[in-house]
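To start, the structure under review is shown below, and the notes come after it.
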Amino acid sequence: MNDDTQAALSYTSYLSLDEVLDAQHPRSDEHDELLFIVIHQVYELWFKQVLHEALYLQEQLEAGNTAHATRTLRRILTIFKVVVAQIDVLETMTPSQFTSFRARLDASSGFQSAQFRVLEAVLGRRDERVFAHYPEGGDQRAQISDAMSRPSLFDSFTTYLAVKGYDVPTGRDVTKPLEPSPALQEVLLRVYRDDTGPSVVAEHLVDLDEGMQEWRYRHVKMVERTIGDKTGTGGSSGAHYLRTTLFSPMFPDLWAVRSRL
Ligand code: HEM
Ligand SMILES: N[C@@H](CC(=O)c1ccccc1NC=O)C(=O)O
């Protein structure tokens, strides 16, 4: 196409708003279903942004760049605050309002959020059970599987510590779950005692771990108040299942050293 005939860039075209604002398709005539859809779409957009930042963060860490890594971590943490806070908006929906359209959700559920599973994998989760909700041979399954085969954020952090001259244990199989490592804990104690850039990065990783746990806690409370102990549309026991996910920190070594600091 000749440049002269191309429509001028506008707010609407730059942001693809025709597509974005045409992407809400309630399955009922219930007033509250639009909120439910919009909230989830906003989540998925933030997940996209967090994943984009997390990849950048891993590059910055592996290059030993404390300033950039710290800035990126602060951005991710700020987004986490926003996504935890937006649960307040969904909690303005009463149980009976949700019940009015819940059956129309069929068997769809948060279990099928591929970006959430990719995020968990980037943060170090290695757990085949999540695949149950993604068809074999599908793109989403491949994305989660790829993320589980790459070094996690914590692996990039240990690489960063090595670049900074710390004698970190090497040779971890990055496709396996993160296990507490006494040798790495000794290194972390030195990092905290030195109290320079790496200790700031470590504290931000603790913030991130806590932020993820905050989200899980707020999600469970929202579930308890909205559907009580009904089973989930995704086939789990619902709030009971979600409570079992509450107390598994992503970076166990960073928590293990705290009683010695
Ligand atoms: C009224 C609001 C909500 C209710 C009642 C609810 C309920 C549930 C339930 C019962 C499960 C367990 C899976 C199942 O059997 O269905 C679940 C999982 C999940 N939900 Fe929600 N949810 C709500 C809102 C949200 C929102 C806003 C998000 C944001 C993306 C979300 C993301 C997830 C994720 C990622 C999981 C999987 C968690 C895991 O396995 O650790 N949910 N939800
Ligand atoms: N699992 C929820 C339904 C639900 O919340 C949901 C359904 C479809 C898409 C996203 C959802 N949000 C989180 O699980 C339930 O059992 O009511």
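Any Cβ shown, glycine's included, is placed from N, Cα and C.
Annotated substrate-binding residues in TrEMBL are PHE36, ILE37, VAL38, ILE39, HIS40, ARG102, and among THR231, THR233, THR244 the one listed with them is THR233. Close contacts with ligand 2, defined as a Cβ under 6 Å from any of its atoms, occur at none of the binding-site residues PHE36, ILE37, VAL38, ILE39, HIS219. Candidate binding-site residues: PHE36, ILE37, VAL38, ARG102. Not one of them has a Cβ under 6 Å from ligand 1. Summarising the substrate site geometry, the residues cited as binding it (PHE36, ILE37, VAL38, ILE39, HIS40, ARG102, THR233) extend over a maximum Cα to Cα distance of 19 Å. Its Cβ taken as reference, VAL38 (substrate binding site) is surrounded by 14 other Cβ atoms within 10 Å in the chains shown. Taking the Cβ of ILE39 (substrate binding site) as centre and 10 Å as the limit, one finds 16 other Cβ atoms among all the protein chains shown.
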